[in-house]
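A.B. asks: What TrEMBL records for this protein is below:
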ACT_SITE  ASP18  active site
BINDING   ASP18, GLU198  Mg(2+) binding site
BINDING   19-23, ARG31, HIS35, 63-65, TRP67, ARG69, ARG179, 185-187  substrate binding site
ACT_SITE  ASN66  active site, proton acceptor
Amino acid sequence: MSSNSGGRTPSHVAIVMDGNGRWATRRLLPRVAGHRQGVESLKRCVQACLDRGIRVLTVFAFSSENWNRPADEVSGLMELLGMALGREVPQLARAGVRIRVAGDRSGLSARLREGLDAAERETAHNDRLILNVCFNYGGRWDIVQAAQTLVARGEPISEESLSKALSLAHVGDPDLLIRTGGEQRLSNFLLWQAAYAELFFSDRLWPDFDEVALDEALAEFARRERRFGRTSEQLLGAAAVPGPRAAA
Ligand code: IPE
Ligand code: IPE
Ligand code: MG
């Protein structure tokens, strides 16, 4: 039994998968080779989450700002997503993973959009693990599109209504947000949903982030005291203190 078993395992883990480019550059490889290795690392991570009873994994795969990269890297990333969808979805479907894609699909090619729709459709019956892939995603984009949706429907804007219009409304807020690659910033990931996430920064580059590294993050999470604005003394008196939004 691992040290993070029991009630202290986060139900929703979010990851900024950073460091692919440096992983490749250190090996004198093109950056896209690092992204390819990043897909392998994600597969390993999904299996590790399944093994540990984590219910939701949300990963940042391509940000609204990543369009500013050199054209060949951007096209390499688009190609990689298309290939990964074709190759990996059947196995993920068999493993009980439900894929959801968050982000601005209007900026993607028709072929990619079809691939993303198919991945969601073919895994829609699964519920062991929800894998949210944030692609062409930005936290600011998400808040704006949610506000626009409410305005278009003529609905009042409140924390609750806005939460429900966000692209990750089908899951609770992340309990643990990991960023690999050594940088300590959000880079426009889950700005709204990370309000009370425990943050964990790893120096490992994403292709090197393995089960041992995940267990380090989970062990650290289990040691954290989540107060949601309350005091430690209050927590001692309460059996369970729910966050602002209960996890899925
Ligand atoms: C993260 O790795 C993947 C994407 C942003 C698509 P990077 O490509 O940012 O890797 P580094 O940070 O340059 O090493
Ligand atoms: C964040 O990483 C985006 C993804 C991991 C997809 P970046 O490498 O783009 O972030 P910055 O530019 O270092 O902040
Ligand atoms: Mg980076």
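Using the three backbone atoms N, Cα and C, a Cβ is placed for every residue, glycine included.
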A.B. asks: Checking the contact step here: among the recorded positions ASP18, ASN66, GLU198, which have a Cα within 10 Å of the Cα of ARG179 (substrate binding site)?
C.D. replies: ASP18
A.B. asks: Quick check on the binding-site residues GLY19, GLY21: which one has the highest count of other Cβ atoms within 10 Å of its Cβ?
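C.D. replies: The largest 10 Å Cβ neighbour count belongs to GLY19.
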A.B. asks: Check the recorded positions ASP18, SER64, GLU198 for any whose Cβ is under 6 angstroms from an atom of ligand 3, and report them in sequence order.
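C.D. replies: Cβ under 6 Å from ligand 3: ASP18.
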A.B. asks: At the level of the C-alpha atoms, what whole-angstrom distance separates ASN66 (active site, proton acceptor) and TRP23 (substrate binding site)?
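C.D. replies: So the alpha carbons of ASN66 (active site, proton acceptor) and TRP23 (substrate binding site) sit roughly 18 Å from each other.
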A.B. asks: Using C-alpha atoms only, work out the spacing between HIS35 (substrate binding site) and the residue listed as 'active site' and round it to an integer in Å.
C.D. replies: 10
A.B. asks: Let's check the environment of ASP18 (active site): how many other CB atoms sit within 10 Å of its CB?
C.D. replies: 23
A.B. asks: What Cα-Cα separation, expressed in whole Å, is found between SER64 (substrate binding site) and GLU198 (Mg(2+) binding site)?
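C.D. replies: Between the Cα atoms of SER64 (substrate binding site) and GLU198 (Mg(2+) binding site), the distance comes to 24 Å.
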A.B. asks: Per residue, counting other C-beta atoms within 10 angstroms of the C-beta, which of the binding-site residues TRP23, TRP67 reaches the highest number?
C.D. replies: TRP23
A.B. asks: On the three-state reduction of DSSP, what should I expect for GLY19 (substrate binding site)?
C.D. replies: coil
A.B. asks: Distance between GLY21 (substrate binding site) and GLU198 (Mg(2+) binding site) at the Cα atoms, whole Å?
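C.D. replies: Counting only the Cα atoms, the answer is 26 Å.
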